[in-house]
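K.L.:
For reference, the structure I am asking about is given below.
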């Protein structure tokens, strides 16, 4: 009786945890799809290599989804073939996760550069862009409460006075609120769009340190874009 009870406990525990994994796999697929849409629509990322991140999420999510299915069904039905398949697929996912972690570490700087370059293109093409394109850029700045890629000075080309930003940069948005207020921290956000990358991909503690360094450097250098990145160590 003791052995039989222990086996049932293992069986139902395996079913339960695989069901949780099944939900996580589904969540990864949804997250990957959302990331793909966000990168190529909201952020207008043109470099096709950036699709690698959401595609990996979708692929890993699908793999976890099927692994959990085999594990859950195999344990419930006590099917040797399905449990064996579960074990083999589980080994594969561990290998893939290790490889993905290594690849992410090795190419982290390239991803940062791609995102930054794409965001810079957005800023440069804003003035002559379509209404939909401008709405997309404005939506990013409003959502993340930021202004420019390196600093609000990225918008200096927008108007002949060299001191105007889009209204989406304003803390309190009103028509014409960005006119002549580029450096006014009480009216215009001084955080930069590039921190989107850090928010999505960087570790929490690293992100806090970088943000503190970035904001301090911007305030000390009168918001000069490149000085910030020289002082903030990655």
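Note that the numbers count up from 1, one per residue, in the order the chain is shown.
The backbone N, Cα and C atoms fix where each Cβ goes, glycine too.
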K.L.:
Which residue range, 12-35, 108-131, is the one TrEMBL calls transmembrane segment?
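P.N.:
Comparing 12-35, 108-131 with TrEMBL, transmembrane segment matches 12-35.
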K.L.:
If you count Cβ atoms within 10 Å of the Cβ of residue 146 (disulfide bond), leaving out that atom itself, what do you get?
P.N.:
20
